[in-house]
Structures are given as C-alpha cells and as structure tokens.
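This report concerns only the one structure given below.
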Amino acid sequence: MATSAPGVPSSAAVREESPGSSWKEGAFERPYVAFDPDLLALNEALCAELLAACHVVGVPPASALDEDVESDVAPAPPRPRGAAREASGGRGPGSARGPPADPTAEGLLDTGPFAAASVDTFALDRPCLVCRTIELYKQAYRLSPQWVADYAFLCAKCLGAPHCAASIFVAAFEFVYVMDHHFLRTKKATLVGSFARFALTINDIHRHFFLHCCFRTDGGVPGRHAQKQPRPTPSPGAAKVQYSNYSFLAQSATRALIGTLASGGDDGAGAGAGGGSGTQPSLTTALMNWKDCARLLDCTEGKRGGGDSCCTRAAARNGEFEAAAGALAQGGEPETWAYADLILLLLAGTPAVWESGPRLRAAADARRAAVSESWEAHRGARMRDAAPRFAQFAEPQPQPDLDLGPLMATVLKHGRGRGRTGGECLLCNLLLVRAYWLAMRRLRASVVRYSENNTSLFDCIVPVVDQLEADPEAQPGDGGRFVSLLRAAGPEAIFKHMFCDPMCAITEMEVDPWVLFGHPRADHRDELQLHKAKLACGNEFEGRVCIALRALIYTFKTYQVFVPKPTALATFVREAGALLRRHSISLLSLEHTLCTYV
C-alpha cells in the first residue's frame with residue numbers, strides 16, 4: 001500500500017461500503033445532534049468494534065516487535081492474563097502481588113509490542129490521522145456546508161464535554177457517524193471497520209478531539225481573541241509554538257503512562273520521574289519545566305490579587321445553568337440514560353470501580369463477549385488490510401487483553417489502582433449526563449452541609465449516599481442507576497473527585513452544560529440547523545479553562561505514577577497550589593492526593 005508519510009496509509013480509513021452495511025435503516029434520516037445517546041443504538045456492530053479498539057492487544061511471547069515501529073517504549077516481559085489488577089495496590093485492599101510470571105506457562109500475553117506501536121500516535125512529529133482522514137475526504141469527495149456544520153457541532157461538544165472514557169468513545173462513534181452520514185449513500189465510502197483494521201485508533205480520536213484539540217482557535221487561553229489589548233507575541237506563530245509545548249508535555253506524559261501497560265500495568269512502579277528508570281529523559285525535562293509551559297498559557301498571568309479567571313467565569317455560568325434547570329424542572333425535558341449504561345460497560349472490571357455487584361459483573365461479561373465476537377468478525381479484513389504500523393497484530397495469534405479492559409479509551413491509559421481509586425474517574429464520566437451533572441452538584445452540597453460540627457468530609461459521604469438511596473424523590477428517575485454507580489465507585493473515589501484531585505476539579509470547570517445540554521433539540525429542525533450554522537461560520541472553538549491547568553493536570557497525574565524525588569515533589573506541590581489558588585480552586589492537601597490516590 002502506498003504511503004504519504006511513514007506508516008500512514010495514503011487512503012487512511014476511506015473504504016468503499018461493504019455489502020452488508022451495519023447501520024440500521026433510517027439511521028441518517030434524522031438531523032444530527034452531537035452527543036446524542038440514541039445514536040449508539042443505530043450501529044451495534046460499530047459499538048462492538050470500538051469496544052475492541054479500546055483494548056490493548058497481546059501477542060504470544062515469541063512474537064517480535066515490528067521492525068518498522070519506532071518507539072521509546074521497550075517491550076516488557078510477558079505476563080499472565082489477569083495480572084493487571086494486582087499491580088500497585090491490587091484490585092482491592094490487602095491483595096498481594098504474585099510471583100514472577102513463568103514464561104513457559106499457558107495463557108501468556110505480551111502487551112509490550114502493542115504499547116510500543118500505540119505510543120507512536122502521541123508525538124509532535126506524527127500526523128493526526130483524523131485530520132488526515134478529513135483531508136482525504138476533502139480531496140476525494142469535497143466537503144459540503146452541511147458536513148462542516150455537523151462536524152463543527154461535534155467539535156463544540158467535545159470542547160464542552162468531560163475528558164473521560166465515555167466522551168472519547170462517543171466522539172469516535174460520532175465521527176464515524178458524521179462521515180458516513182454524508183458520504184456513505186452518495187459516495188459509497190464508510191469508516192465502519194477502520195478501527196478494526198487499525199487505520200484509525202481510539203488514540204487518534206483522543207488526540208484530535210481532546211488532548212491536542214486540532215480545531216481549537218483560542219491558542220489555549222479562553223477569550224484571548226476578545227481582549228482589547230492582547231499581549232504582544234514575540235513573533236508570528238508564537239501562540240502555536242506555546243500551545244505545542246503544552247501538547248508535547250501532555251503527549252509525553254501519555255506515552256509514559258501507556259508504557260505501564262507493557263507489563264500489565266506494573267512497568268515503572270516506584271520509579272522516579274526525576275531520573276528513575278520508569279520515564280524517558282524528555283519527559284523528565286518536560287515535567288520539570290511544566291511551570292514555564294503553563295505560565296505562557298495562564299489567563300491569570302500578570303494579574304495581581306487574583307480576581308477574575310477562567311474558572312470563576314465557568315463557576316458563575318454553572319450556577320446560572322443550575323438555576324435555569326431548576327426553574328424548568330417541571331418542563332418535561334427528555335432525559336436519556338444510555339450514557340450511564342455506556343459508562344458501566346466501559347468501566348466495569350477496571351480500577352475505576354471498586355465495589356462489585358451483579359450489574360457490574362453482567363456489564364463486564366457483556367463487554368468481553370462483544371469484544372471477542374467483533375475481533376473474530378473482522379479478522380479477515382484485518383489480515384488483508386491492516387495499517388502497516390499494526391500489521392503484526394493482524395496475525396491469527398494476537399487477541400485483545402480482556403482482563404485489562406478498555407484502558408485505551410481512558411484519559412491516562414494506565415491500569416494502576418491505589419487507595420481504592422483508579423486513573424479513570426467514574427464520577428467525571430457521569431458529568432456527560434445532564435441529570436447527573438445536576439445531581440453531582442446537589443450531592444456535593446449535601447455532603448458539605450451534612451454536619452454542622454467538625455465531622456470530616458469523608459465521613460459525611462456514606463450517610464449522604466444512604467439518604468439519597470432511601471429517598472427516590474431525590475434521585476434522578478433513572479431506575480437507580482445513579483446510586484448504583486456511586487456505590488460502585490466507592491466513598492474514596494467520591495471523596496477524591498469532590499475534594500482532592502485537581503484533574504476532577506478542573507474537569508468540573510471544563511464541562512460546559514450550556515454547550516452540552518443547552519442547544520435546540522432534534523425536533524426543532526430550523527433552530528438546530530441555525531445553531532450548527534453559527535458554530536461553523538463563527539469558527540470560534542474556545543475551551544472553557546486555560547491550558548495552564550491542563551499542564552498542571554498531566555504533570556500531577558504523571559507524578560502519581562512516576563513519583564519524583566522529594567525536592568522536585570515539594571517544588572511542584574508549592575507551584576501547583578499557587579496556580580490553583582489563582583484560579584480560585586480550593587482542594588485538600590495535594591501531598592495527600594499525590595501519595596494516596598492515583
């Protein structure tokens with residue numbers, strides 16, 4: 001196959017329609033509404049394909065790393081399947097790490113080669129395959145104004161959505177939907193099957209729509225273009241250079257965290273980020289210089305005495321939405337819970353969930369069955385036409401590591417668990433559902449108000465959840481899903497999300513309910529079309545918080561896995577605390593969160 005860049009097929013994921021299209025009849029008759037849970041039911045085969053794409057692929061130990069793969073993640077020794085839960089704290093309290101794996105034992109999977117191939121997506125000098133796919137469609141078929149409007153709607157929703165596994169999965173599904181909506185019937189071109197052949201990966205979606213945000217227009221600082229006297233830049237393109245430095249930090253951290261999957265989540269455990277063997281020198285330098293990176297993308301830089309910031313504006317808008325939603329509580333707004341079930345499907349059996357139950361086990365079993373079936377169904381297409389970088393995983397022996405679960409869909413992409421928490425926050429995923437966004441705000445307020453005495457915030461969580469469970473009127477009308485998900489997360493994860501973790505706190509600020517939930521509905525066609533046209537013509541895709549806070553997040557979360565030397569850790573805690581205070585974000589001890597949770 002001809003290539004236009006090293007390892008990038010010139011045809012990308014563009015493919016003529018297969019004889020049996022998996023879209024349900026009438027799937028493209030409705031007007032497109034981004035992040036609509038009902039869309040997931042229109043193509044169950046695509047959902048299963050994406051679930052499989054969210055998994056790490058293991059190969060037999062004898063398989064060698066493809067010579068064409070260039071990566072800084074060395075292949076790790078094979079591990080027994082199911083060992084991931086025992087890494088760094090185990091699946092539950094008190095679990096012990098087993099003896100080293102016997103290379104001759106049955107059932108071994110080597111996930112090192114796949115981790116090595118996957119990290120190549122996260123590099124500044126590697127093309128974005130989502131951008132490349134769009135460009136190929138543009139050259140081959142031209143992009144209509146209607147496509148631009150739908151794509152703009154998807155991009156706007158991604159900017160307002162939480163950075164989480166559910167959002168990444170939805171973005172992947174809807175990117176395929178938008179492309180097929182406009183090109184399947186007229187041009188017989190489809191993206192269904194592209195993830196199964198590795199022409200696109202879930203990491204490509206994560207990078208394009210969430211990590212780098214290729215469509216973002218504010219240079220990483222919301223409102224920068226609206227400033228009356230914008231800060232002078234030293235040279236043309238300086239803003240993009242500054243943003244690329246952040247992107248390098250975020251992508252380097254992601255590469256290192258993916259590297260932990262090379263040995264089932266245990267690689268680099270205990271290694272120091274300040275020179276330990278668990279990280280690369282480039283990452284160590286980027287982490288040490290995070291403050292310089294953040295300073296250039298900080299909306300509070302140069303301001304004295306705190307005051308207005310991106311987060312104070314976001315908090316005010318959140319309050320306005322909550323008040324408006326309360327006033328319209330009896331207005332019959334339709335609520336859907338498909339994303340609650342999707343969250344359960346993605347996170348059951350992973351370190352994000354620490355309390356098991358029949359519903360969780362059923363979700364994990366359903367996911368395993370769907371992934372296995374989809375992997376087998378696409379075996380022939382994968383062997384005929386796999387992307388060169390992943391060619392070795394198209395052979396008959398490789399298979400998804402069902403025990404690790406869909407960790408590639410998560411933001412941090414590691415399987416580490418500590419303090420009964422995991423890298424992926426279940427509660428951040430819940431922010432994708434309108435009723436849960438509102439319920440989470442009420443839940444936090446109830447925890448804070450529960451005791452007038454000096455009872456610790458942690459001790460207030462379980463009684464408040466108990467009260468919520470006992471009062472059906474106080475719950476969203478979701479058949480008990482919300483309370484079940486809170487129980488599954490556990491009090492430690494709730495405590496971490498609400499009061500401790502800067503990633504969760506900043507995600508709460510990033511999620512824009514006006515963008516996610518405040519647009520015209522599908523049955524208001526004219527208003528919806530006007531809304532999408534304004535998004536497309538305005539070309540103002542601004543984030544809600546400045547990228548300086550994202551730089552802090554990636555440094556913080558990497559330091560939780562690759563613990564730095566004490567001096568570097570103390571410096572980071574001091575500088576990170578100052579940045580959070582300037583943005584009016586109040587959290588419990590960062591030292592506690594760094595050392596206790598993950």
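A Cβ is built for glycine as well, from the same backbone N, Cα and C atoms used for every other residue.
For 1-23 (among others), the entry in Swiss-Prot reads region 'Disordered'.
The region 'Disordered' annotation in Swiss-Prot covers 66-107 (among others).
If you look up Swiss-Prot, you'll see 128-214 marked as region 'Zinc finger 1', on the strength of sequence analysis.
Annotated Zn(2+) 1 binding site per Swiss-Prot: Cys128, Cys131, His208, Cys214, in sequence order, evidence recorded as sequence analysis. Under the three-state DSSP scheme, Cys128 (Zn(2+) 1 binding site) falls in the coil class. The Cβ of Cys128 (Zn(2+) 1 binding site) lies under 8 Å from the Cβ of Asp204, Arg207, His208, His212, Cys214, each of these being in the same chain and 6 or more residues away along the sequence.
Positions annotated as region 'Zinc finger 3' by Swiss-Prot, on the basis of sequence analysis: 310-583.
Around the Cβ of Cys311 (Zn(2+) 3 binding site), the number of neighbouring Cβ atoms within 10 Å comes to 24. In three-state terms derived from DSSP, Cys311 (Zn(2+) 3 binding site) belongs to a helical segment. Under the heading Zn(2+) 3 binding site, Swiss-Prot lists Cys310, Cys311, Cys546, His583, citing sequence analysis as support.
Feature annotation from Swiss-Prot assigns region 'Zinc finger 2' to 425-504; the stated evidence is sequence analysis. Using DSSP to sort the residues of the region 'Zinc finger 2' (425-504) gives these counts of helix, strand and coil: 60 helix, 0 strand, 20 coil.
Look at Swiss-Prot and you will find Cys425, Cys428, His497, Cys504 tagged as Zn(2+) 2 binding site, backed by sequence analysis.
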* **Cβ within 8 Å of the mean position of the Cβ atoms of Cys310, Cys311, Cys546, His583: remaining residues of the chain near Zn(2+) 3** => Pro222, Cys299, Thr300, Ser309, Thr312, Arg313, Ala314, Met509, Val545, Ala548, Leu549
* **CB-centroid shell, 8 A cutoff, Zn(2+) 1 site Cys128, Cys131, His208, Cys214, site residues removed** => Leu129, Val130, Arg132, Ile134, Asp204, Arg207, His212, Phe215
* Should Cys546 (Zn(2+) 3 binding site) be counted as helix, strand, or coil on the basis of DSSP? -> coil
* Residue pair Cys131 (Zn(2+) 1 binding site), Cys546 (Zn(2+) 3 binding site) - Cα distance, angstrom, rounded -> 23
* Structure fact -> Here the Cα-Cα span from Cys546 (Zn(2+) 3 binding site) to Cys428 (Zn(2+) 2 binding site), rounded to a whole number of angstrom, reaches 19
* To do: Taking only the Cα atoms, work out how far Cys504 (Zn(2+) 2 binding site) lies from Cys311 (Zn(2+) 3 binding site), in Å, as a whole number.
  => 13
* Asked: Looking only at Cys131, Cys214, Cys425, Cys504, which of these binding-site residues has the biggest number of Cβ atoms within 10 Å around its Cβ?
  -> Cys425
